[in-house]
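Q: I have a structure here, written as structure tokens, and I will follow up with some questions on it.
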Amino acid sequence: MSTTEIVEYYGYPSETIRVRSDDGYILEMHRIPYGKVSFNSNTTITRPIIFLQHGLLASSADWVMNKPSQSPAFVFADAGFDVWMGNMRGNVYSRQHEKFSTYSRKFWRFSWDEMAKYDLDAMINYILDITGHESLYYVGHSQGTITMFSKLSEDKIFEKKIKKMFALAPVAQVGHIKGLMYTISELFHSHINLFEKYFGSMEFLPSSWYIKMASRLFCSGKLTNPLCKNVMFLIGGPESNQFNVTRLTVYLSHTPAGTSTDNIAHWAQMVISNKIQKFDFGSPHENLLHYNQTTPPYYNFSNIHNDIYLFWSESDWLADGIDVKEGLINVLPNIKLNKCLVDFNHFDFIYGLRARKEIYDHIIDIIKS
């Protein structure tokens, strides 16, 4: 089932909205305007807006794949919020462009730089325009945090549109990560040609032999674990003590949701450099054409002045504790909450059975207080 079908299956109101980015991508958003509690259906009530942004290789489905009592989108809707879920370019819901088809190399020439610059603008500006609100609450997971951090660090007009940012498994520099992304980075470094040879020049599509090899490396011999055959979980960590095992087939049916090879290459470049930097085009000449300098510029997260709430864990493969401390805690000037959770892997923040109590209910309390 699609995100919309899941929402409707559980009896919640659902809307599908498509917006166009300034560089021509058609992005699909999913909305739950109110919850199932009877008083929530009163359409005259002005509800606070909460925007949920998925992570790497994911989609809006991340927020609705557990039962309603455990899925963040439903939890927030039942708490009285107008819930919007974004989909970044290149995933299963955002695969249209006004000029290029997905068979064109030009469609896939993007990384999370463009998601930060164009996609967040297109989606959030539309939401505020259509609802008449001046700002909203933002919840990002994984890549959905670094895109917003980057946007806020460079766009002082946009920062006024974000009341508070809640960062789940927040990512900045990634020099200490574990798992598949680390091995990709070590094997191929930042060489775009090598990435294209082994993973394709358009959508990121690792071959079956590479997935099998990675499974043996990272699954501690537990090859019967179905998550060990899924590239997204090999990047973020396949082991969890709080997944709802009855939902594994649901998780696997929606992931990976797609991205470009260039985007994975961008992450690998940052693993090698241990810097929060823009995409390296592979040569001083190409970088000079794009940036007016021979090396990719760095993002400066000390420029962010919004209220930031961090939820992270030492058990996270992708948002490693050292990187969180060095790239965010020691840099962001306005951290309102710094919450280190015990035994959360990268996906427990959205799928974990403890996530509602330790994260979502806490976010609701913060906003309503």
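Just so you know, the numbers here start at 1 and follow the chain as drawn.
Quick reminder: no glycine exception, Cβ is built from N, Cα and C everywhere.
Pulled the feature table from TrEMBL, pasting it below:
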- Ser142: active site, nucleophile (ACT_SITE)
- Asp316: active site, charge relay system (ACT_SITE)
- His346: active site, charge relay system (ACT_SITE)
- 3-66: domain 'Partial AB-hydrolase lipase' (DOMAIN)
Q: Cα distance, His346 (active site, charge relay system) to Asp316 (active site, charge relay system), nearest Å?
A: 5
Q: For Ser142 (active site, nucleophile), which DSSP three-state class applies?
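A: DSSP assigns Ser142 (active site, nucleophile) to coil.
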Q: Taking 10 A as the limit, how many CB atoms besides its own sit near the CB of His346 (active site, charge relay system)?
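A: So the Cβ neighbour count for His346 (active site, charge relay system) comes to 29.
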Q: Using DSSP, how many residues in the domain 'Partial AB-hydrolase lipase' (3-66) fall into helix, strand and coil?
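A: For the domain 'Partial AB-hydrolase lipase' (3-66), the helix, strand and coil counts are 15 helix, 19 strand, 30 coil.
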Q: Restricting to the same chain and to sequence separations of six or more, state which residues have a Cβ under 8 Å from that of Ser142 (active site, nucleophile).
A: His54, Gly55, Leu56, Ala58, Leu168, Ala169, Val171, Gly236, Leu318, Ala319, His346
